[in-house]
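Colleague: So TrEMBL lists these for the protein:
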- 1-226: region 'Disordered' (REGION)
- 55-72: compositional bias 'Basic and acidic residues' (COMPBIAS)
- 111-125: compositional bias 'Basic and acidic residues' (COMPBIAS)
- 164-174: compositional bias 'Gly residues' (COMPBIAS)
- 198-207: compositional bias 'Gly residues' (COMPBIAS)
- 263-280: transmembrane segment (TRANSMEM)
- 300-318: transmembrane segment (TRANSMEM)
- 333-445: domain 'P-type ATPase A' (DOMAIN)
- 465-487: transmembrane segment (TRANSMEM)
- 507-535: transmembrane segment (TRANSMEM)
- 997-1177: domain 'Cation-transporting P-type ATPase C-terminal' (DOMAIN)
- 1054-1075: transmembrane segment (TRANSMEM)
- 1087-1104: transmembrane segment (TRANSMEM)
- 1125-1149: transmembrane segment (TRANSMEM)
- 1161-1180: transmembrane segment (TRANSMEM)
- 1251-1273: transmembrane segment (TRANSMEM)
- 1301-1323: region 'Disordered' (REGION)
- 1301-1312: compositional bias 'Basic and acidic residues' (COMPBIAS)
Amino acid sequence: MEGTEPDSHSIGLMPLTPQHTGGDASTIVSPTQTHFDGASDVDGTTVRSRSLSRHKLDDDATRSGDHGRDGNADDEPEEPRPVLDLSQDEGIDARPFPFKPYQLASLVDPKNMDMLREMGGERGLLRGLGTNKKRGLSKKALGKAVDASHHASFSPQADSDGRPGTGNEPGAGSGASQRHDRQPETNSGDVPKLVVTGPGGEEGGGPPISEASSDNGADDDEDGPTFEANLEVRRRVFGENTLPTRKTKSLLQLMWLALKDKVLVLLSIAAIVSLALGFFQDFGTTRPAGEPPVDWVEGVAIIVAIAIVVMVGSINDWQKERQFQTLNEKKEERGVKVIRDGVEMIIDIKEVVVGDVALVEPGEIVPCDGIFLSGHNVKCDESGATGESDAIKKLSYEECLKGDSEHMKHTDCFLISGSKVLEGYGSYVVIAVGTRSFNGRIMMALRGDPENTPLQIKLNNLAELIAKLGSAAGLILFTALMIRFFVQLGTHNPDRTPSQWGIAFVQILIISVTLIVVAVPEGLPLAVTLALAFATKRMTKENLLVRVLGSCETMANASVICTDKTGTLTQNAMTVVAGSVGIHCKFVQRLQENMARTNANEESGVKTEGAKKHAQDFSIDQEQINETLSPALQDLFNKAIAINSTAFEDADPDTGKRVFVGSKTETALLKFAKENGWADYKQTRESADIVQMIPFSSERKAMGVVVRLPGGRYRVYLKGASEILTKQCSRHVVVERGSADKDVATRELDELARDNISRTIIFYANQTLRTIALCYRDFDSWPPPGVKCESADEVPYADLAHDLTLIAITGIEDPLRPGVREAVADCHKAGVTVKMCTGDNVLTARSIALQCGIYTAGGIIMEGPIFRQLDRQDLLSVVPRLQVLARSSPEDKKLLVETLRSLGEIVGVTGDGTNDGPALKTADVGFSMGIAGTEVAKEASDIILMDDNFASIVKAIMWGRCVNDAVRKFLQFQISTNVTAVIITFVSAVASVEEESVLSAVQLLWINIIMDTFAALALATDPATPQLLDRKPDKKTAPLFSVDMYKQIIGQSAYQTAITLIFHFLGAQILGFHHSADSTTQKHNDAVVQTLVFNIFVFAQIFNSLNSRRLDNRLNIFEGILKNYYFMGITLIEIAVQILIVFVGGAAFQVTRIGGREWGISLALGFVSIPLGALIRCIPNGPVERFFIKIRLLPNPEVLPTTNPEANWNSAIQLVRDNLSTFSHVRGGRMRASSYVGKSRNARLAPEARVALPSIMTMVPTLIASSIGAGWAPSSPSGLSNPAQFDPSKSSAALWEGKIQIHPDTKPDDPIMQRWGPVARSS
């Protein structure tokens, strides 16, 4: 069998779909043209390849582990995501398989070549899983004859052109190797076939594919229990390819959860007590004539308030959950292409089992983890799964072992679920599905219940405090009234019957409970819920889908945002952002914003000596390129891009938009040509008469195509790494200002021109642009004279790639999203720090961070592998200043978020990839991307950015602050109302002989519930304004009430209490009513006073609600009021209802109609709230704040946790000291209790008892040795080893070697410079 295996470079699985070619040329070219690398020789009819000899298992074992992990020797292995616990395998009976599910899953997380080698390599794995490399699972495993139609697969058919190997035997279906028919089928007669060749290189040198005795890494007899294990056994051992559906909560469950809120629990108790006492008063006691039984109304009204809160909150949550589900309902019924018993078929994604051989094609999202078996130039984008932005090439296990570490960078044999196939076709064996796969494990790890938000915690604490204070006030009132009750009982004054004494006692109980009920802010939960509901509705219009309501107000005080780079700050689409046509014409995308992208004006940093060196250089905006280049040059440029490319255009499966598919460089160039409005790539490519293809290879770093020109001449187009190709150029195209109408002119490259080219390349490279050169060369005949070649389409590359003419150098980059710079600036203005975490390399990360303003003076750039090794103390000192974390694993991002939260920061995290899941879940608020975000990221997030734009985060901060402000405005209003109500109830009840309050139960109800509910609605609906971003965020520990709020609450409630009590006790005298002997007149006078007091109180509340619209010291309380229709409408309704109550609600509200004088007094005294509020705002905050801190109303901000400065030098000494002090505390209680021991410990040493200097000196060697052992090293301020003068920010190598860089504008005396400067320098 030695040497008979078709190499993985040949698609040895199936005949390929015929592709259209250019004319009769014998070389294959198509929109899906495969890159053949150096291992394949391409001729007209066959793809021949060197056969690979099979590796013996013992050879594998003896191989060195140099190419372990992903073959990238200088990259540290990433931390595992949700750490794989292999002990989970213990309870699983894996028979008949030798491998257990978590053991297999751990192959890809982290990618582990050594473990694969221990399993016996590809061959051992296939045998262990009972599958065949070419035929997939056998008939035995499938348990019945394979019925392809049952799986909705393509019926097995192949092109019959009479050649062996392409007959009607079962193979891959025609049209099946590609998901879309991208071009109409042409007559197969003019299409050269791809045919697998035999070992000798002849066509048909072996049996048909499906019957070939293929070396699949398993014994050909396929005997053994693993090969017979059917699909059910495989599902039992390795699981199904589904995730358990997360039960969404029903509306009733959401209501029950809402009811558990502490404030609502308090209200519910108050409602039950109030209802019970109301029923007792109304129906258990005799009532005075003409007084309706309305005491039960208060209890019912509180219940109604609770019901409103619960309904509004839970229905809102339920709607958001439904909205999220519809957003996430992607096509669940997705098909996966697999080979079963030699037949290629499409099966439902849920049907895939471990051991299936599945196929990949461009644009596909890999559904399961697997090991790559064979294929053509498969490259995967794993940025969604691991954050690695470079495409990862997939080779078989055998080829990975053969390669050397230099060529194996970004190459491995592991396929990760959730990654995207960029190009190529191939097959892999499935090793993990469902909850055991990479994608599935992260999805499961994200399921958990949300924590309470900072505002919820503060409000819960407030509810507890109010309950305690209200209960205390109720208890004091009860005690005071009971004392009077016993005095009256003892003196028999007044004289009462036993039942009257009983009723008097119950009355005392009622008034005490009423006081507690009055103290509870009924409107508070409603205000919070309404503010959130209102904000989330508005946020949805702003492209923010809020999944977790609470996250909205958490965002208000977010102090740090950790953002992803790819897809969030940048567009995740490689784009030509700058370039040079010829050597003088420098074009830049959006030139006005990106002047630093052009070096035409001898930019700063390029030293000029005397006159300009390159005076002919000029800059243009990319949009002017057609005005500047002649039509002939545009056509040449377009052909160089379109013909010499394998990328193609296709519909995006998610958005339905037309996008280019292929390598990122090629798609960027095609997009550039399309943006310029040049001829369609497809027509250009199809009209070209192609003679020879030169596939891309990593050795030459270039690719090319030779075409026959209409005049009988030939032209080769080449594109590739600019630093290599430009050295092979001898001429360049000439572009001058105003040259648009000329033909293509070329000029010889002289020294000055070469200098210009190299300067341009270096200039772009310094901005981390990927530079690609496009060149061409013309020939009179083909093959060129003097060239030795076997056939016309096999001219060696070396004979073509010299004497080239340079067309252009393009700079390609993943550009910033529009509006990101402004959004980052807004964040900084709002006191929010932005940190970038990316899996990308450190230079790209720095470039983007500088462009969008994240990397600023005092900031640090660090790499993940260094960051995760820091000890706790260093971590705490670095994290506040860390601005860019490059090459970071998901675990690093999570560590960063956890550290920030432990420092008391409120952290928002953005992410679009599967790898961001853990960090999104750990953060206070997680943002995911609605368009580019993976299912995992959306599941883990709290808010979804529907437009994927970082700028939307600023809107989230703004709306969050709006919600917080709404709640605080309401609290400022509500608490002053409640304080007033409690005081006047208490005072009037104690003063009244009948234990009656100044306000009746129904009046209190109108004030307490209806007014509160209305006020909640009015104050919660103020829209968000950009001014909200002008202040810094509050800390988690910041109190709920600010100094300004306390001033208003105290001032307003003092005023309201004073006027209410004055009119309650002295109202008759003020109004000039004298005591009348006529009981009817007296009753009327009392009713007028009572109504006036009620009216004054209500209008004081209405005007105070206006006053509460501001939380700061500014005086304009009417700002933006005309935009808030709710507020104006509700205020008018309140006034109208109050007028109605006074005129109509006599009996129920115990009021009577009053005259104009009384209305005037009510309105005037109510209006005083507004000037009073302005007066209170003028009181300086400083002295008031100090007073509040003194009486413990506010926490003292100056009391900070302290660290021991002595702990900095030697951690070993510190450790010993801590241990000794612990030991001294633990030893014997009596010893500690002894005052002598205490004195002796704290006493200072007497002078004569001091240790002599020589004794201390003997300890120095030990101390220094232990310090050096612990990693301390002395740093000298100068020395020969330090050419950058010990300034890490100026060392260009700092990023590559030191893995840490400090911003150049950081001041030398900055503590971060003193701590991390030496580290950056020494490295």
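Each Cβ is built from the backbone N, Cα and C atoms, and glycine gets one as well.
Not measured: the values here are computed from a predicted model.
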Colleague: Should the transmembrane segment (1054-1075) and the transmembrane segment (1161-1180) be scored as in contact, given a threshold of at least 3 Cβ pairs under 8 Å and pairs 6 or more apart?
Modeller: yes
Colleague: When only pairs 6 or more apart in sequence are counted, do the transmembrane segment (1087-1104) and the transmembrane segment (1125-1149) reach 3 or more Cβ pairs under 8 Å?
Modeller: yes
Colleague: Is the transmembrane segment (300-318) packed against any residues at least 6 beyond its ends, judged by a Cβ distance under 8 Å, and which are they?
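Modeller: Counting only partners 6 or more residues beyond its ends, the transmembrane segment (300-318) has Cβ contacts under 8 Å with 249, 251, 254-255, 257-259, 264, 267-268, 270-271, 274-275, 517, 522-523, 525-526, 529-530, 532-533, 536, 549, 1005, 1009-1010, 1013.
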Colleague: Any chance you could find the range in 263-280, 507-535, 1161-1180 with the most Cβ pairs under 8 Å to the transmembrane segment (465-487)?
Modeller: 507-535
Colleague: Quickly jot the same-chain residues contacting the transmembrane segment (1161-1180) by Cβ under 8 Å, restricted to those at least six beyond its ends, or write none.
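Modeller: Hits for the transmembrane segment (1161-1180): 1044, 1047-1048, 1051-1052, 1055-1056, 1059, 1092, 1095-1096, 1098-1104, 1106-1107, 1110, 1113-1115, 1117.
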Colleague: Can you count helix, strand and coil residues in the compositional bias 'Basic and acidic residues' (1301-1312) using DSSP?
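Modeller: Counting residues by DSSP class gives 2 helix, 2 strand, 8 coil.
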Colleague: Over the domain 'Cation-transporting P-type ATPase C-terminal' (997-1177), work out the mean pLDDT and round it to an integer.
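Modeller: PLDDT averaged over the stretch: 89.
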Colleague: Which sequence-distant residues neighbour the transmembrane segment (507-535)? Criterion: at least 6 residues beyond either end, Cβ under 8 Å.
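Modeller: Residues packing against the transmembrane segment (507-535) from afar: 261, 263-264, 266-267, 270, 273-274, 277, 281, 298, 302, 305, 308-309, 312-313, 316, 455, 459, 462-463, 466-467, 469-471, 473-475, 477-478, 481-482, 485, 546, 549-550, 552-553, 959-960, 962-963, 966-967, 970-971, 974-975, 978, 981-982, 985-986, 989, 994-997, 1001, 1004, 1008-1009, 1012-1013, 1015-1017, 1019-1021, 1024.
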Colleague: Using DSSP, tally how many residues of the compositional bias 'Basic and acidic residues' (111-125) sit in helix, strand and coil.
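Modeller: Summed over the compositional bias 'Basic and acidic residues' (111-125), the classes give 11 helix, 1 strand, 3 coil.
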Colleague: How do the residues of the domain 'P-type ATPase A' (333-445) split into helix, strand and coil according to DSSP?
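Modeller: Taking each residue of the domain 'P-type ATPase A' (333-445) in turn, the totals are 24 helix, 50 strand, 39 coil.
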